[in-house]
Amino acid sequence: MLLVSAWLWCLPAQALTEAEQQGTNSEASSVSAEPVESNQEIEQQPVDSDKPDIAETPGAVNVPTAGNITDKDTVIATKPDQVNDQDIKQRISGIYSEIEGLKALSVTVSQGVVSISGEVPNEKKAQQAISLANRVNDVVAVEDRISRTLDVQDNVTPVISSLNQQIRAFIQALPLLVVAILVFAAVVWFGSWLARRESLWQRITPNPFIAELLAQTVKVLFFVIALLLGLSLMGAEAIIGTLLGGAGVIGIAVGFAVKDTIENYIASLMLSIRQPFQARDLVSINGQQGIVVRLTSRATILMTSDGNQLRLPNSEVFKGTILNYTKNPERRFTFQLGVDANDDPLAAIKVGLEAVNSLDFVLDNPKAVCIITEVGDSNIMLEFQVWVDQTDTDIMKARSIAIREAKHALEDHGFSLPEPIYRLRFNQDVEHAIMQLHSALSGESAESTEYDNSFVANNPKLIEALSKQIAALNNQAKPDTVQKEQAKQRAKQILGDKAVKEIFDAKPDPKLMQKVEEEIQDHSGDKDLLDGNSPQE
């Protein structure tokens with residue numbers, strides 16, 4: 001369709017060329033049926049026939065209005081020349097006799113002033129006659145006495161004639177048009193066939209994204225070549241520049257409209273080349289954590305720990321912070337436990353590390369360590385740093401088991417894990433509370449009781465009551481060893497003799513990895529830009 005439209009766009013020029021060739025065999029036929037308007041003068045020379053020659057020299061023309069006299073911006077001779085007026089008349093009349101629609105005009109010239117009279121079908125023809133007269137040398141002014149008939153037949157006939165000429169030109173050029181279309185289709189088909197040769201592009205580059213990009217580039221290149229060949233065969237080379245200019249403007253507009261899409265596409269290309277992660281890698285991208293499923297031309301697909309699919313635009317992935325946990329299979333986790341401030345922290349560290357190192361999933365190299373991070377009012381904080389192999393260990397499960405074992409080991413060796421101690425400072429309301437307590441013991445009203453410094457010391461009943469309250473508070477604050485023993489017995493009754501790994505193992509969740517494998521298999525036919533052949537960062 002593009003080739004046909006371009007060829008039809010060139011039909012009027014071809015039709016006019018044929019009309020010029022068929023109009024006359026003389027030199028005067030160089031004036032076309034529809035001459036191009038210009039601001040050049042026609043030199044007036046004496047002729048002995050009505051077949052004038054036209055030569056153009058620079059000049060200026062004022063476009064006339066019907067019924068008015070148009071002056072030329074030229075120098076007027078001092079003495080009129082009668083012979084020159086006759087030459088001007090013959091020149092203009094000869095020109096009009098060769099142009100369809102102007103043959104009925106009559107011309108008179110006096111003192112260099114040209115008067116044009118007669119009938120023309122429309123305003124366009126009248127303006128054409130005036131413009132031609134103005135272009136002749138030695139013309140001082142042009143007087144418009146032309147009558148515009150606006151006759152239907154006179155105006156419709158040229159249109160029908162032009163249409164017939166275009167139809168004849170189309171029929172004559174139809175074989176050439178068919179050849180151009182066949183050439184265009186053949187070149188486009190070959191480009192598409194070459195672009196579908198995936199094995200060829202994979203041999204050139206192992207990266208599937210770059211291979212696809214090369215294939216699409218070759219396809220577009222062959223399309224452009226086919227278009228140029230088709231237009232050249234039809235003689236429509238002039239439209240090529242117009243098409244390229246229009247394509248450039250459209251390309252700029254589309255580029256601004258789809259800026260984000262283009263940015264995303266370029267990011268996909270860079271990610272496929274750099275390969276910062278592979279499928280099944282556990283990564284964290286801008287705070288979003290999951291297992292990599294695949295990389296497409298638009299997004300990076302992750303499987304979260306909840307089993308949900310997470311799509312991240314490649315532009316954000318490329319510019320974001322990527323934390324790849326799978327790059328190094330050895331991973332460290334930490335946890336803190338506090339022991340009593342009166343205990344020796346070094347002994348507590350020895351007991352805790354022995355318990356942690358007894359676990360199967362804890363690595364011997366690098367070894368687990370424990371450091372003192374803080375000494376508080378009531379406890380000493382110990383931080384355990386443990387290394388595991390995350391290829392066969394779930395780090396969250398391993399951390400949970402390690403905390404349990406370290407806590408039980410410390411408690412079994414007599415280390416207490418104290419609760420925070422809070423210091424309370426009483427204000428004057430305490431004095432009022434003591435007076436109310438004394439009133440309750442003595443039966444007197446609180447308002448009648450006066451408080452002094454010896455009030456508490458001289459009241460043994462009040463001292464005894466306060467002592468009982470303080471003792472009760474101390475008993476509640478002390479660790480209840482009986483309750484701890486009861487808790488241990490209860491746990492032993494529930495767990496029995498089962499080992500920890502029989503109830504709670506540190507293996508990775510098989511269901512999550514199964515979902516990842518199913519997702520990869522379901523889209524095995526899709527283009528995955530992650531491959532093991534490309535170098536990784």
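Cβ from N, Cα, C; glycine included.
The compositional bias 'Low complexity' feature in TrEMBL is assigned to 26-38. Per TrEMBL, domain 'BON' is recorded for 84-150. The region 'Disordered' annotation in TrEMBL covers 21-68, 517-537. Residues or ranges marked as signal peptide in TrEMBL: 1-15. The transmembrane segment annotation in TrEMBL covers 169-192, 213-233, 239-258.
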The domain 'BON' (84-150): mean pLDDT?
88
How many of the residues that make up the domain 'BON' (84-150) does DSSP mark as helix, as strand and as coil?
26 helix, 22 strand, 19 coil
Going along the chain, which residues at least six beyond the ends of the transmembrane segment (213-233) come within the CB cut-off of under 8 Å?
2-3, 6, 176, 179-181, 183-188, 190-192, 194-198, 201, 204-205, 239-240, 243, 269
